[in-house]
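Enquirer: The structure is given below, and queries will be raised subsequently.
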Amino acid sequence: MAKGLQGFLWTMLLLFCALQELGSWAMHTAVEGPGLGEPGDPALLAGGRVKRGWVWNQFFVVEEYTGTEPLYVGKIHSDSDEGDGSIKYTISGEGAGTIFLIDEITGDIHATERLDREQKTFYTLRAQARDRQTDQLLEPESEFIIKVQDINDSEPRFLEGPYIGSVAELSPIGTSVMQVMASDADDPTYGSSARVVYSVLEGEQHFTVDSKTGVIRTAVADLDRETQDRYEVVIRATDMAGQLGGLSGSTTVTIVVTDVNDNPPRFPQKMYQFSIVETAPVGTAIGRVKAEDSDVGENTDMTYQVKDEEGVEMFKVTTDSNTQEAVITVQKPLDYESKKVHTVVVEALNKFVDPRFVDLGTFRDQTIVRVSVLDVDEPPEFRPPSNLMEVQEDAHVGSVVGVVTALDPDTANHPVRYAIDRSTDAERIFDIDAKTGAIVTGKVLDRETAGWHNITVLAMEADNHSQVSRASLRIRILDVNDNPPELATPYEAAVCEDAKPGQLIQTISVVDRDEPQSGHRFYFTLAPEATNNHHFSLLDIQDNTAAVHTQRVGFNRQEQDVYLLPILVVDSGPPALSSTGTLTIRVCGCDSNGAIQSCNSTAYVVSATLSPGALIALLVCVLILVVLVLLILTLKRHHKSHLTSEDDEDMRDNVIKYNDEGGGEQDTEAYDMSALRSLYDFSEIKGGDGGGGPGEGGPGRNPASELHALPQWVQSPDLDFSVFRDYICRKVEQADEDLSVPPYDSFQTYAFEGSDSPVPSLSSINTWSSGSEQDFSYLGGWGPRFRQLAALYAGCRGEEDSEES
């Protein structure tokens, strides 16, 4: 059937081409001329004769020719061709010689290849008629076109796929989803090959398509995303306006059903159970519940709230924005002993409600949450929680200030013991009874020292001291009138010598460390010892101050320059306390305007107006003067020490300092011992002693021998220092009588070098033993440096022994 139809179509097409060719022959007019002219000859000759022209068909060729023989396209012919074969026809241009071939003699053109109009719709060629002998052009070159005749060989194609569209669920019938378009490569101007119509192959139960525009629309109104969220719809496009024999193409369109808020939240369970200890602090999370919502996106956003009054008071519900869960937290402290189970009604509702679907029902749901409170061992609780107590400051030690009470909230109700946190009462001013909680005074109170005391009371279980509660307690010390009033300052006043009676001298006020609740009220009067005073009067002004006035005319500084006025001050009690203060009144000289000039022998005004800066400057000047004097005395003494004294017996001039170590054993010239021997007259000293025996040396002893004796110091209780005492006294008297000598004499005694010295003393001062008793053999053990000294004293010892013998 298909092959017969295809043959019929080819037959009709060839018949159409033949009719076109016959029409082209009828349309051509042959104009005979004198002959073929050369290219470039004038077209018109004398007498109006026209140059000969081309005679040919209008050319068409059918695309997709499947025959075995070349397809005849047409014939080119010149009116000068007489059929003798003298003219040669040639073509050039697109496809000449490859696609299109020409018979040189007849001018017939054939197509040797299959043509596709969708690739190229026409070909432009040029025709030439030449003389076969001379190869010269007989006609001007002419251009012609071969058109490719279209057939319906291209099916419609959907070029913009894949197609994805969307439509909201529950949309009404006829809601536009999207548009699809197919393209046909056939010639739209020739026949119906490019006329496309659309239809639905698959999915026609839910969607339709407009046959001309390709717009896809919904076919039902109950699209439900929760049931099916996407559809695959196949759309077909057919050319030839859908007629029999038309070609078609198809595409798959994916249609996504978008969500709308058409589903309310629903709790999976109607009851949830949680437990929490009673000591959980406020804000502790108890648990989480979540309502399910079949919608997606923001349509699942919801809020939670507590619906019952009890739950609102004890618990709080918040929404976790990330998980859309309800978080239940503690809002008030829990108490197992008061209530063991709490029932909370939690409601979930959508945050965004679409008004189009309110008729579907309420978009909220409720569930019940049971919260079980677990019992724990709790510390005692103070009841009532009052934190203020008062006590009189004159309360005796051991007086009760108040009582604190704490109870064990647990069911066991363990006994409670009390204590005071000593870090808040380090001085132990208060004590507490461990069993009763009675707070008593531990020391004497003084409101003026500390008017308030803040202590911390501890309450703990008797058998478990780790369960401790703390309560801050403020104790106020109530005032008792135990301090007498006193003058505010040690008042001093001045009165002019020419003062008149009734003149105000001084206004006085008092201070009282007590603070009576009714306020201070003080009374002023002169002390009993001033009742015979006729010079001054005291006036109580009734505002806790008093004024002192003069009572006589004029005062005389020569007779009395200072008056002491005793004033008695009494407070309002109870009990009334009093004290006596003294007002010092000085009689001063004043000028005509009453300004004080001087009091006694000191300028009153100057002393009163001397600034602290002036006092500091004055002290600095005095200090500089003292430093200068000390510096001058030091320089003078230093200069005096370099002067040579005329008195050979002056101890200061007879001290010879030498620290020369010497040059060794062979150095016998290092120091002249004669200078040392000539300093002291030991005969005078020994003669003055008078207490020495024959063995200890007498006046007849040789001083030189005394100088050679360097005794070893031995402490003795029989020493007599009277000689040195007399010597020093004489020198002091001489210094006192000499007005040119400053008093900086000094005397130093070199009598003992110390018990720890490995070398005994060589000093001969205060030596009580004679040289004959000394043995200097030990000097030989002092080493090489003292060898010369040992030889010297050993030689002296030998001479003494020879003389005695």
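Heads up, the Cβ atoms here are built off N, Cα and C, so glycines get one too.
Pulled from TrEMBL, these are the listed features:
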- 688-700: compositional bias 'Gly residues' (COMPBIAS)
- 78-158: domain 'Cadherin' (DOMAIN)
- 159-267: domain 'Cadherin' (DOMAIN)
- 268-382: domain 'Cadherin' (DOMAIN)
- 383-487: domain 'Cadherin' (DOMAIN)
- 487-604: domain 'Cadherin' (DOMAIN)
- 687-706: region 'Disordered' (REGION)
- 1-26: signal peptide (SIGNAL)
- 614-635: transmembrane segment (TRANSMEM)
Enquirer: Could you give the mean pLDDT over the domain 'Cadherin' (159-267), rounded to a whole number?
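Expert: Within the domain 'Cadherin' (159-267), the model's average pLDDT equals 89.
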Enquirer: DSSP helix, strand and coil counts for the domain 'Cadherin' (268-382)?
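Expert: When I sort the residues of the domain 'Cadherin' (268-382) into the three classes, I find 16 helix, 53 strand, 46 coil.
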Enquirer: DSSP says what for the domain 'Cadherin' (487-604): how many helix, strand, coil residues?
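Expert: When I sort the residues of the domain 'Cadherin' (487-604) into the three classes, I find 4 helix, 56 strand, 58 coil.
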Enquirer: What is the three-state DSSP composition of the domain 'Cadherin' (78-158), stated as helix, strand and coil residue counts?
Expert: 0 helix, 36 strand, 45 coil
